[in-house]
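Some notes on the structure that comes next.
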């Protein structure tokens, strides 16, 4: 049985560095729970949007795009992690370079498109709330929306070859390419987070400053915002609850993404973080794929009504 450092350096498993069989079994069970719950929630959102015409909006098109990407993580990648975590550390299946590349590609593709979809949803809502209706209609025509979705997948294919380098992220024996891959990942997520926060905080400022501006817009997309639906509460309470909903969404997103960012930056500029901290940061990021459907639908009366009818 290899020690912890050699296991960390040579294992193709992303999170299962630990030698302890108990830890690996626990993580496998956790992956299994996330895989089942995430697959069911993402499939349900996709089914509801395709089945109910009222839900077929531009904002929901980006949400469905994110759900499809999250299925790559929840339905394809997580079950493999759950199974591989139960295999012996010296299993030949764990050390296959081709298999590592396949799993790295699934994870990289899913997470990249999912994060891009977060940004597309945020920008869509930002334009809807802060710009004139004519600007929104000109920007979000059907053709333009399709191009945005296609571009998110095209850009996600570019960094896929870099993902196998992340398997050895943080180990003492990892090479320079792994460290630069980790830095690239951290900077990309950090930039995406800054843009997303700019959009949602801009929405909060606009809603708090002018609730009337939101109420007069005759768009179905307003039902997809993380704001309370009909019957509307009093204006002051509505502004307060709207702000809380947006800030809660941002907090959950930050909790899922920022630990990995700072762990990666710490490993590049100072020294690698402990394996347990690296594992926790990756697990938080991957768990977003299971939580994303709930983040964007839990405040929508249209989604709740459609789910009840099913």
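Yeah, the Cβs are placed from backbone N, Cα and C, and that goes for glycine too.
Copied over from TrEMBL, here are the features:
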- 41-296: domain 'G-protein coupled receptors family 1 profile' (DOMAIN)
- 25-50: transmembrane segment (TRANSMEM)
- 62-80: transmembrane segment (TRANSMEM)
- 100-123: transmembrane segment (TRANSMEM)
- 144-162: transmembrane segment (TRANSMEM)
- 182-203: transmembrane segment (TRANSMEM)
- 244-270: transmembrane segment (TRANSMEM)
- 276-298: transmembrane segment (TRANSMEM)
Mean of the pLDDT scores, which run from 0 to 100, over the domain 'G-protein coupled receptors family 1 profile' (41-296): 77
Cβ-Cβ under 8 Å with the transmembrane segment (62-80): same-chain residues at least 6 beyond its ends: 31-32, 34-35, 38-39, 42-43, 45-46, 49-50, 103, 106-107, 109-114, 117-118, 120-121, 124, 145, 148-149, 152, 156, 224, 286, 288-290, 292-293, 296-297
Contacting positions for the transmembrane segment (276-298) when only residues 6+ beyond its ends and CB under 8 Å are counted: 14-18, 27, 30, 34-35, 37-38, 41-42, 44-45, 63, 66-67, 69-70, 73-74, 77-78, 107, 110-111, 114, 118, 121, 169-170, 224, 226, 249, 252-253, 255-257, 259-260, 263, 267, 304
